[in-house]
Amino acid sequence: MGYKVAIVGATGNVGREMLNILEELEFPVDEMHAVASRKSRGVEVAWGDRTIKCQDIEAFDFSKVDIVLMSAGGDVSRQWSEKIGKAGPIVIDNSSAFRKDPDVPLIVPEVNPDAIKDARKKNIVANPNCSTAQLVVALKPLHDAAKITRAVVSTYQSVSGAGKEGMDELWNQTKAIYGLGDATPKLFPKQIAFNVIPMIGSFRDDGYTDEEAKMWDETHKILDPDIRLTVTCVRVPVFVGHSEAVTLEFDRPISPDEARAILRDAPGVMVIDKQEHDGYITPVDASGEHAVYVSRIRKDHTVENGLSLWVVSDNLRKGAALNAVQIAQLLDETGTIKPSSGYRSITV
Ligand SMILES: NC(=O)c1ccc[n+]([C@@H]2O[C@H](COP(=O)([O-])OP(=O)(O)OC[C@H]3O[C@@H](n4cnc5c(N)ncnc54)[C@H](OP(=O)(O)O)[C@@H]3O)[C@@H](O)[C@H]2O)c1
């Protein structure tokens, strides 16, 4: 028995990864529907060893599917997710549209799986921001062992976090700078090739950006509202993989060795931490992988109970598509959803 699944945003970076990961994790799918904007009607996307044609969101009948993986941005989600939820299917939403809604659970399955009990309130489950997802996977096991009281996080976010247009802009600017062509920024506020941009999203009155606020709001909802968190989000010229320099203060002493041992046993975490060049992870190493990698675990000598660490993950996988598919697995395993269709076969 399998599910009837629709992916909205199937032509995008995250949508394509969702198709890959559903197949990789052998999620039971009876029917797969690729949905995107009208301009992509008929465009083919890969699903396993075959291709399926995209359908126009305006013409798609969502009442005939069980699960909708929504990955087409906040505006599309605000327009469609509640309507779809009311029509029956459960929506797993990748955008920020519903993350703060008290009737919508915001879930990272390694961290707060019990929140799935609220999935039926609106038939919407929210997937967190890519930087939050990898952060809370690393923080949760440490927080269970010694309460984290304060976190200072600086992100190094890849251009794929801004969608396929972000990747195109880095590629085109890099070529233009080498070839003396036009490197004028279009999507990013400043040149991204051979540069770093210390702001992501839009500025708020307090000087932070909405991307930074998402990280503390979401960490509070998923993990613990009492953790004080300050964040600087930075865009870097990396195609895939977000990195984070994280400094933590605890309510009791915790040594780097104890932290390493805790993290080695934690779900979803891979510790690669030796003082040698194969002993730490970069975004290039993490790209295409499922794990949240933790390296450079060391004592912060400037506070009483402090640790610093380096956290890296594939933003299109754990930061988006993998987490969404894990939520679908959780819905299935907890019996929150049941397949509506017959034996497993894939329609193309
Ligand atoms: N990239 C990340 O690291 C990441 C992480 C977490 C969450 N997210 C979220 O995931 C979502 C998608 O991100 P992405 O990186 O995949 O973006 P993307 O590569 O730019 O793809 C956007 C997708 O949305 C579709 N779309 C746009 N307007 C639409 C409309 N009016 N109706 C139907 N479909 C429409 C596009 O279809 P067309 O090709 O037809 O335009 C495309 O399939 C966003 O909400 C983003 O915030 C991304």
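Note that Cβ sites are derived from N, Cα and C of the backbone, with glycine treated the same way.
The candidate list N305, N315 contains one residue that TrEMBL assigns to the NADP(+) site with T11, G12, N13, V14, K39, S40, S160, G161, namely N315. Here the candidates are the binding-site residues T11, Q157, R235, and by Cα distance the one nearest R99 (phosphate binding site) turns out to be Q157. Within 10 Å of the Cβ of C130 (active site, acyl-thioester intermediate) there are 26 other Cβ atoms, across all protein chains. Neighbour count (other Cβ atoms within 10 Å of the Cβ, all protein chains): 10 for K39 (NADP(+) binding site).
Mean pLDDT for the domain 'Semialdehyde dehydrogenase NAD-binding' (4-119) in this predicted model: 97.
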